[in-house]
Amino acid sequence: MSASDPKQRHRPGPWPPEPKPMPPSSWAKKTGFRPKFSGEANASEIALQPKPRDPHTALDPQPPRAPPPANGVAHRDKAPPPSSKDQLPKKRRDSDGVPKSSVLSTNGQATTEPPPRRPARHEEVVDMPPDDDGFVSRHSHMKYELRDSPGLVPIGVYGIQHYVSMLGSLILVPLVVVPAMGGSHEDTSAVVSTVLFVSGVTTLLHTSIGSRLPLIQGPSFVYLAPVLAIINSPEFQGLNENKFKHIMKELQGAIIIGSAFQTFLGYSGLMSLLVRLINPVVVSPTIAAVGLSFYSYGFPLVGTCLEIGAVQILVVVVFSLYLRKISVLGHRIFLIYAVPLGLAITWAASFLLTEAGVYNYKGCDINIPASNMVSEHCRKHVSRMKHCRVDTSHALTSSPWFRFPYPLQWGTPVIQWKMALVMCVVSLISSVDSVGSYHASSLLVASRPPTPGVLSRGIGLEGLCSVLAGLWGSGTGSTTLTENVHTIAVTKMGSRRAVQLGACFLIVLSLVGKVGGFIASIPEVMVAGLLCFMWAMLSALGLSNLRYSEAGSSRNIIIIGLSLFFSLSIPAYFQQYGISPNSNLSVPSYFQPYIVASHGPFRTEYGGLNYFLNTIFSLHMVIAFLVAVILDNTVPGSKQERGVYVWSEPEVARNDPAVANDYELPLRVGRLFRWVKWVGL
């Protein structure tokens, strides 16, 4: 009988066909976990399925002639080409060192499909569908990746753009810390110049002999709360003369000791062991608690001049959300430059209001202290004159044109062990923050995530960079800024050379004293408005790490909820303990959470121990980290559910040219330290 006889034709099964189960990945073999959809799926598991039929459409009486496909992939010579809306772009790079038959999971593990097969023409291999703002698990749609060097002019432009987009993260911390220490506008200008100089130097070091990822180093918000707690220590309350320099030397000593501990943590290889305890369910609430902890500082200070501070927040929100898709010459300028553009517009509006005399009050002089004002009318409006006017600062006129920041410029650091121990704990929290940034940024710009040795090397160098920050007197430690990941995803620029060239530009800029004076003259209420946006962004960036785990899992929901709640509630208990409702405190209301060392519940006969415990348990990020790390590592859960970070294996990395080129030390320096296996490939 002819082969074309309809009676002998192979009758296909139901459509769409059920995909065949694929071999589990390495960790699933050990745990026996069989998910319906895993972040570590093989290429065939995430191949696009045919679009289901509309239930209202009449069934085709003539069944298709093609045999039933395997794993949801139709026969190559029979399948019609799919429509464009059902496809996702295939993104692969020849030099990424990943086999064509493998894909990267959402947490960076490359898996190959055994046995290898040739995909059909219409089959698309995808890594992760990009969202609206460019967050992807691989480097799709990146303009420049880690080792790209398109030329001096392009990388120079993109390098400067990278730093301008992160301007708020670089300059806002000293604008809060120095006035809290009693520093003048000139002191603020000098510290801002020092921060820019140290940030440029440490970024060059980190991109050269650290993790080698394009991550800007700077004064992280992780250090802000403990620094404010040290500034408001009881022993500093009665200081009047040289208060700024005295507190700065105490801070320098604490930062140097805490950073030395972080250096030991990295270069000893202990970090490669501790990283097994650090996963997205731990990183997310820890970083989110850093941003949420400043709720008592943000808007209360904005309220001192509501028409300026609220407008500052509103403009930045409009630029970053409502106008984020507007592109000029291929650049989404409102999204990339939301903070500097918002600051410039609000500052200009405030300047016009000041020049128009809106904040002039008859018979009142802003240069006269409020305590010396006789008129009740002037005392009533002194706060508005101080916070709304833009001409109250003389930092720009008094700062020199050239200033070179040098080590020990404030004097010899003073070491108090109770403050140094606080900074040791903070350096551990900073390392947790950096672990999340390393992993997320490597999925965007590198061929594979770094090895545990590269991670330890980066943490160790961050400790050395913070030691330099302590010696130069920047007021905070230097660490990887959390906002790096968002900036890389938005600007689509991950070139290491561009970040290095931008760091050189930042060093040159720090030598111009007028730049520091200009930044120091930003009105305090505008700083508070920008900080409200930056801290909200920081909290969201922390929670975004949950995309590597099963965010809908009841296990993870309970752990995240407990971590965030107790990170707010337990510090509130410490901060309110021993304070009567009618007590008249000598510090502003927004600094009251940081004076806990003088009235906390720990009151043993050892004053240093009381200081350490009361301060540590009043820090929101410490409580969030402790609750999350204990629960995540004791409550049973699969690796997929927990979203366990997958780092590259050292043997695989050493044999993969792409990974070696991404993370090996330059100028053959790595060969000299190859015997130190725990800090290299």
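Using N, Cα and C of the backbone, Cβ positions are placed for all residues, glycine too.
Because TrEMBL annotations are produced automatically, they should be read as predictions rather than curated entries.
According to TrEMBL, the region 'Disordered' annotation covers 1-129.
Look at TrEMBL and you will find 13-24 (among others) tagged as compositional bias 'Pro residues'.
Annotated compositional bias 'Pro residues' per TrEMBL: 61-70 (among others), in sequence order.
Positions annotated as compositional bias 'Basic and acidic residues' by TrEMBL: 87-97.
Residues annotated as compositional bias 'Polar residues' in TrEMBL: 102-112.
According to TrEMBL, the transmembrane segment annotation covers 188-206 (among others). Within its own chain, the transmembrane segment (188-206) has Cβ neighbours under 8 Å at 170-171, 173-175, 177-179, 212, 215-219, 395, 398-399, 403, 405, 409, 458, 461-462, 464-465, 468-469, 472-475, 478, 480, 499-500, 502-507, 509-511, 513, 515-517, 519-520, counting only residues six or more beyond its boundaries.
Per TrEMBL, the feature transmembrane segment maps to 251-270 (among others).
According to TrEMBL, the transmembrane segment annotation covers 301-322 (among others).
Per TrEMBL, the feature transmembrane segment maps to 334-353 (among others).
The feature transmembrane segment is assigned by TrEMBL to 414-432 (among others). Within the chain carrying the transmembrane segment (414-432), a Cβ under 8 angstroms from the stretch's Cβ atoms is held by residues 220, 222-223, 226, 229-230, 233, 249-259, 261-262, 265-266, 271, 274, 278, 282-283, 286-287, 459, 462-463, 466, 477, 479, 608-609, 611-612, 615-616, 619, 621-622, 625, all 6 or more beyond its ends.
The transmembrane segment feature in TrEMBL is assigned to 498-519 (among others).
Positions annotated as transmembrane segment by TrEMBL: 525-544 (among others). Residues 135, 168-169, 172, 175-176, 221, 283-292, 294, 297-299, 301-302, 304-305, 308-313, 316-317, 320, 338-339, 342-343, 346-347, 350, 387-388, 436, 482-483, 485-486, 560 of the same chain lie 6+ residues outside the transmembrane segment (525-544) yet bring a C-beta within less than 8 angstroms of a C-beta in it.
What TrEMBL lists as transmembrane segment is 556-574 (among others).
A Cβ distance under 8 Å defines the sequence-distant neighbours of the transmembrane segment (611-631), meaning residues of its chain 6+ beyond its ends; these are 222, 225-226, 229, 233, 277-278, 281-282, 284-290, 292-293, 418-419, 421-422, 425-426, 429, 432, 559-560, 562-564, 566-568, 570-571, 574-575, 593-594, 596-597, 600-602. TrEMBL lists 611-631 (among others) with the feature transmembrane segment.
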Positions on the same chain near the transmembrane segment (301-322), where near means CB under 8 A and six or more residues out: 334-335, 337-339, 341-343, 345-346, 349-350, 353, 383-384, 387-388, 523-526, 528-530, 532-533, 590
For the transmembrane segment (556-574), sequence-distant contacts whose Cβ falls under 8 Å of one of its Cβ atoms, 6 or more beyond its ends: 281, 284-286, 288-289, 292-293, 543, 546, 549-550, 593, 596, 600-601, 614, 617-621, 623-624, 627-628, 631-632, 635, 637, 641-642
